[in-house]
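Okay, so here's the structure we're looking at.
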Amino acid sequence: MHCERFLCILRIIGTTLFGVSLLLGITAAYIVGYQFIQTDNYYFSFGLYGAFLASHLIIQSLFAFLEHRKMKKSLETPIKLNKTVALCIAAYQEDPDYLRKCLQSVKRLTYPGIKVVMVIDGNSEDDLYMMDIFSEVMGRDKSATYIWKNNFHEKGPGETDESHKESSQHVTQLVLSNKSICIMQKWGGKREVMYTAFRALGRSVDYVQVCDSDTMLDPASSVEMVKVLEEDPMVGGVGGDVQILNKYDSWISFLSSVRYWMAFNIERACQSYFGCVQCISGPLGMYRNSLLHEFVEDWYNQEFMGNQCSFGDDRHLTNRVLSLGYATKYTARSKCLTETPIEYLRWLNQQTRWSKSYFREWLYNAMWFHKHHLWMTYEAIITGFFPFFLIATVIQLFYRGKIWNILLFLLTVQLVGLIKSSFASCLRGNIVMVFMSLYSVLYMSSLLPAKMFAIATINKAGWGTSGRKTIVVNFIGLIPVSVWFTILLGGVIFTIYKESKRPFSESKQTVLIVGTLLYACYWVMLLTLYVVLINKCGRRKKGQQYDMVLDV
């Protein structure tokens, strides 16, 4: 016992020293600015900090590639599918078409005897359509429904403690005695909905799968996640490959689709290699039920800065699994399609909310770095502090008073994006990933300021993405973007003022013209390819019935 405690202390000290040393090393490399390659007049340079970031991308991609190879090799052996599984669907003001497609995909799941529990966040007349769709698709004679005036933590109007206890027991009994059931309950947020399903199921099943009501599951999705959990008893949770259902509806949803592929099949695949996936996404995840009930109350009652948390439910659920020392994995063999915002403002609000949960959960995550591979500490430091270094770099370049610095920055952003997307195209075997380089512009212009705004308002939970039946537009997300653009515009004006006071040399003019032409040609080429792709694939997908998950 004392030996284990001593080893734990050593691991805590070791991971802390590693993390601090890594951060100090990166900061020193950034401040010193040592250059390996440097041309006359500083038209091009490549330094220590740039070399470190390039090495990170290469190493991350290598481990992702190795994890994909491991998925193909280790999971070919069939296993017995004799464990019980329950699928929990969280629904809130869902678009009727998406909900119907979700439930139709649930009926096609190939895992034997899977139990389906859908909990609707809201019990008003406006929410009844979701229950009607559930009964229609799942079969009125094969499913049960119940309108609950309460939820497990709040009483409805006119309820007493005794009647609330009785109704809670009734809901639990309904869930346990029916293979398919839909419950409408008093509004309380997604975490409340998930808690109802977890609490009512109790320990009656071996594995619990989570799913959102806008998600279409591949028939084999449950089977493939069970395989991962069955293969290693120390894996506590597993997530699958989330793809975009409405990718051709707008430029935002299209860029999100390529970003999703990169996030899951490069970043999370790399994390999976070391058993430390930091977020099992809500649309497609599975957990060991025995673990779930070790922390479900702590998960529900999570507080941050004195307030109960109302977002970041899936990330904190993953964090709780990691806190127990269990591994979290990703499998590309389990797939689903899910909806993503098609309007810029709704996307921005979604990203800000996700960024809030990321930075909040980063702090929780740091408490159990010592329980996992050093890669978990390494990646948390890199991804957590990268936005700050990037903002410092952008402001520095824009306010140096040299127009070439601004142009070089724009070219570098696209070049790095193009290199990364080219590798992804090879790994995926699909040229569409080349558009990932366009996402870098969206990241620099919108996501970067959204991350800073998320930190500044991390304890504010009053807004985010809305239900899909009624889209609510929130303009608050434009505040950080407007401030960011004002800062950049100030740098451009300052640069123009400084450059106007000194004549351009012939070599400088040549470099600027060549750089501008390269940048313009890049955009013309990518935008042309985008128009061609949308015209070709968008029409083909329009009105198509999704019988299975497609990777297009």
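Placement of Cβ uses the backbone N, Cα and C atoms for every residue, glycine included.
Remember, predicted model here, so these are calculated numbers, not experimental data.
The ubiquitin cross-link annotation in Swiss-Prot covers K190, and the record cites experimental evidence as its basis. Cβ neighbour count for K190 (ubiquitin cross-link) (all protein chains, 10 Å cutoff from its Cβ): 19.
Neighbour count (other Cβ atoms within 10 Å of the Cβ, all protein chains): 30 for S221 (O-linked glycosylation site). Here Swiss-Prot flags S221 as O-linked glycosylation site.
Sequence annotations record features per position, and here Swiss-Prot assigns phosphothreonine to T110 (among others) based on experimental evidence. Under 8 Å, Cβ to Cβ, and six or more positions away along its own chain, T110 (phosphothreonine) finds P219, A220, S222, V223. According to DSSP, T110 (phosphothreonine) is assigned to coil rather than to any helix or strand.
Taken from Swiss-Prot, the feature phosphothreonine applies to T328 (among others). Here the Cβ of T328 (phosphothreonine) has 26 other Cβ atoms within 10 Å, regardless of which shown protein chain they belong to.
Annotated topological domain 'Cytoplasmic' per Swiss-Prot: 1-11 (among others), in sequence order. Here the topological domain 'Cytoplasmic' (1-11) has long-range neighbours at 370-371, meaning same-chain residues at least 6 beyond its ends whose C-beta is under 8 angstroms from one of its own.
Marked as topological domain 'Extracellular' by Swiss-Prot: 33-45 (among others).
Look at Swiss-Prot and you will find 67-374 (among others) tagged as topological domain 'Cytoplasmic', backed by sequence analysis.
For the topological domain 'Extracellular' (396-402), residue counts in helix, strand and coil come to 3 helix, 0 strand, 4 coil, using DSSP. Marked as topological domain 'Extracellular' by Swiss-Prot on the basis of sequence analysis: 396-402 (among others).
Same-chain residues lying 6 or more positions outside the topological domain 'Cytoplasmic' (424-429) and placing a CB less than 8 Å from one of its CB atoms are 61, 64-65, 68, 258, 261-262, 265-266, 436, 551. Under the heading topological domain 'Cytoplasmic', Swiss-Prot lists 424-429 (among others), citing sequence analysis as support.
Annotation source Swiss-Prot lists topological domain 'Extracellular' at 451-475 (among others), citing sequence analysis.
Mean model confidence for the topological domain 'Cytoplasmic' (497-510) is a pLDDT of 78. Feature annotation from Swiss-Prot assigns topological domain 'Cytoplasmic' to 497-510 (among others).
Residues or ranges marked as topological domain 'Extracellular' by Swiss-Prot on the basis of sequence analysis: 532-552 (among others).
What Swiss-Prot records for 12-32 (among others) is transmembrane segment, and it gives sequence analysis as the kind of evidence.
As annotated by Swiss-Prot, transmembrane segment applies to 46-66 (among others), with the evidence given as sequence analysis.
For 375-395 (among others), the entry in Swiss-Prot reads transmembrane segment, with the evidence type sequence analysis.
Per Swiss-Prot, transmembrane segment is recorded for 403-423 (among others).
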Item to complete: To the nearest whole angstrom, state the Cα distance for the pair T328 (phosphothreonine) and K190 (ubiquitin cross-link).
Response: 22
Fill in: Secondary structure at K190 (ubiquitin cross-link), reduced by DSSP to three states
helix
Fill in: Cβ-Cβ under 8 Å with the transmembrane segment (511-531): same-chain residues at least 6 beyond its ends
43, 251, 254, 403-404, 407-408, 410-411, 414, 418, 434-435, 437-438, 504
Worksheet item: At the Cα level, what's the spacing in Å between K190 (ubiquitin cross-link) and S221 (O-linked glycosylation site), rounded?
Response: 22
Response to the item:
Simplified to three states, DSSP reports S221 (O-linked glycosylation site) as helix
